[in-house]
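For reference, TrEMBL has these:
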type     : residues : note
ACT_SITE : His116   : active site, proton donor/acceptor
ACT_SITE : Cys145   : active site, nucleophile
DOMAIN   : 30-169   : domain 'L,D-TPase catalytic'
Amino acid sequence: MADFGAAAPSDEARQIAQWSVSTGDHQGMPFAVVDKKQARVYVFNGDGKLAGDTPALLGESVGDQSAPDVGDHTQSGFVPLEERTTPAGRFVSEPGQNLSGEHVVWVDYSAAFAIHRLRPGASMKAREARLASPSPADKRVSLGCVIVPPPFYEQVVQRVLGRTRAVVYVLPETTPVREVFAAM
């Protein structure tokens, strides 16, 4: 069984983590559960024990699919608002670097979908305030990536997901969970 420790996940987050561990779907790899409705990320070691959890910034637009050309739009520097979704599903992630050489965990490279730390820049203070807000709605601000606080990225994501392939489960927000994870 997945061990959430003292964390208090949603029923859906608990259900997908328990399913992953009980069926071995994560194949012994580290895994993460991204709960879009709660704007929270849970990172697990390969044995199903929680390594850490944190609030996260997510795609600005509600939706469970990536637009077919969102990766190209991201690379060109302009992503239309309706394409700024965090896609739902099961992904096999890989550690890597973005175009700036920053360490990221690629969830879906072709869609330019990654888990990364909050970056320095003009929007950093506003994004820090959004991360600190208790409202999940305040955390809808990214182009689609899952953005976590730098200390969490360095101490948990990079250590657990950032050294090897891992499984990332992104829970849907508009589609029933069993439609996205049919094997459950």
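Yeah, the Cβs are placed from backbone N, Cα and C, and that goes for glycine too.
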Mean of the pLDDT scores, which run from 0 to 100, over the domain 'L,D-TPase catalytic' (30-169): 89
Counts by DSSP class (helix H/G/I, strand E/B, coil) across the domain 'L,D-TPase catalytic' (30-169): 38 helix, 50 strand, 52 coil
Residue with minimal Cβ packing [other Cβ atoms within 10 Å] among the active-site residues His116, Cys145: His116
Alpha-carbon spacing, Cys145 (active site, nucleophile) to His116 (active site, proton donor/acceptor), which is rounded to whole Å: 7
